[in-house]
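Now, the feature entries from TrEMBL:
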DOMAIN    67-102  domain 'EF-hand'
DOMAIN    103-138  domain 'EF-hand'
DOMAIN    151-186  domain 'EF-hand'
Amino acid sequence: SDKIEDELEMTTVCHRPEGLEQLEAQTNFTKRELQVLYRGFKNECPSGVVNEETFKQIYAQFFPHGDASMYAHYLFNAFDAAQNGSVKFEDFVMALSILLRGTVHEKLRWTFNLYDINKDGYINKEEMMDIVKAIYDMMGKYTYPVLKEDAPRQHVEVFFQKMDKNKDGVVTLDEFIESCQEDDNIMRSLQLFENVM
């Protein structure tokens, strides 16, 4: 048991955030806020690192009526800046800073990254479909009792038509940002994730 605790200590030491001053400079949070966030983070994740499984468990608590695992999977990938299968406090705070206090432009860029599942710099219709379906699953049957099975598909068709300005079958970051800023409906639908954070 001592050996395991020693190892835990070791991993904990590896993942101390790189100094709150630096994070304060890189985010829109005050030092005080960062301390509070860090305490909460350490509480949920004593090792200082969240893996995808833990992330899904945390998320499941917020959406008891739906299945949040798929959305949590995509969200985790968007938080996992280094794409190494773990989210450190720094990753978490950087994302939170953008989502809660970023400019519209920064929020849209972050959302684009969430939708760009394979990270190739474009959103195709399948990727958009996957995310929208994950959001519907997460919200659960109670939220949308009257929805038909094909609702996500129709939703995506409309979105995609509007966003794919040059009709080449993919949406670029510029097309995404432009479409969102000129269409209140799209903006509102995308803001969904602010309530899911």
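The backbone N, Cα and C atoms fix where each Cβ goes, and this holds for glycine too.
Note that this is a predicted model, so its numbers are computed, not measured.
In the predicted structure, the domain 'EF-hand' (151-186) carries a mean pLDDT of 90.
Across the domain 'EF-hand' (151-186), DSSP classifies residues as 26 helix, 2 strand, 8 coil.
Secondary structure by DSSP for the domain 'EF-hand' (67-102): 24 helix, 3 strand, 9 coil. Here the domain 'EF-hand' (103-138) has, by DSSP, the following mix of helix, strand and coil residues: 26 helix, 2 strand, 8 coil.
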